[in-house]
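Encoded as structure tokens, the structure appears first; notes follow it.
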């Protein structure tokens, strides 16, 4: 289906990132170093399964092909499997993925796959168990590794792993990561540390450009692959000697926003046109009944006309994003 979601800069949007909670049980240094603190949840709480069904149906009608369930930690929701199944009901949604810290993967991933999940991203910022504990505040490294193995055993052909690139923390561990993916079909995605409202000091201390890794990968014979229209923002590299791939997400690179293809809805039903944008468009009042779908689609389409050409991270403007758990990164 051709996307009806096209902005003023001719960008087409096939990809919805849907946050279903902002609660997380990890305390990652770059996201929630002091742990989760409730904020911004209305009296209605987080989106219900029925509301999720309605909002994804509207986006699918407008051309969305891929939905990623994010958080917080999505698997903290007891109805998470039901949420996957609700999104899966719509045949227009070809891909349903989750971004998770992985602590419930080993237990639940087979059920998620049976419900309709097609893709998994797991956050792993270090392959050293002690450093993993220091970064996340949780001694769960072995549990997360077992969860990744369980995903393969459940039938997932590829698992994506997200690694936030941090100077003097993990930027010098490329060889360790490459050894890990040599015989595993893992797409390891290094994500540049992004400045958020609460993370300015950490950013100044640990930010390093992904260009450093890209230059090294090219020097070693890795090959840049072409993007598909519903792919995320990663530049993906492959190598004939490796079963795995490397992805680089570099939001500070020139023209990063030119290929933007994704919109975000928060766990309380606000449409966000950019991770680092201002405000948000309330959709929740149009999620109460199936008869509101036409009005919901109209509001989404109208909001898209206001999407800016680029973020303003280079001007140190992080918008409303105080931390990355707020609207799902």
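Heads up, the Cβ atoms here are built off N, Cα and C, so glycines get one too.
Site annotation (Swiss-Prot, ligand GTP) includes 68, 99, 160, 262, 263, 264; from 17, 214, the additional listed residue is 17. Cβ-based neighbour count (10 Å, all protein chains) for residue 31 ([4Fe-4S] cluster 1 binding site) stands at 23.
Around the Cβ of residue 264 (GTP binding site), 22 further Cβ atoms fall within 10 Å across all displayed protein chains. With a 10 A radius on its CB, residue 262 (GTP binding site) counts 20 other CB atoms from all the protein chains.
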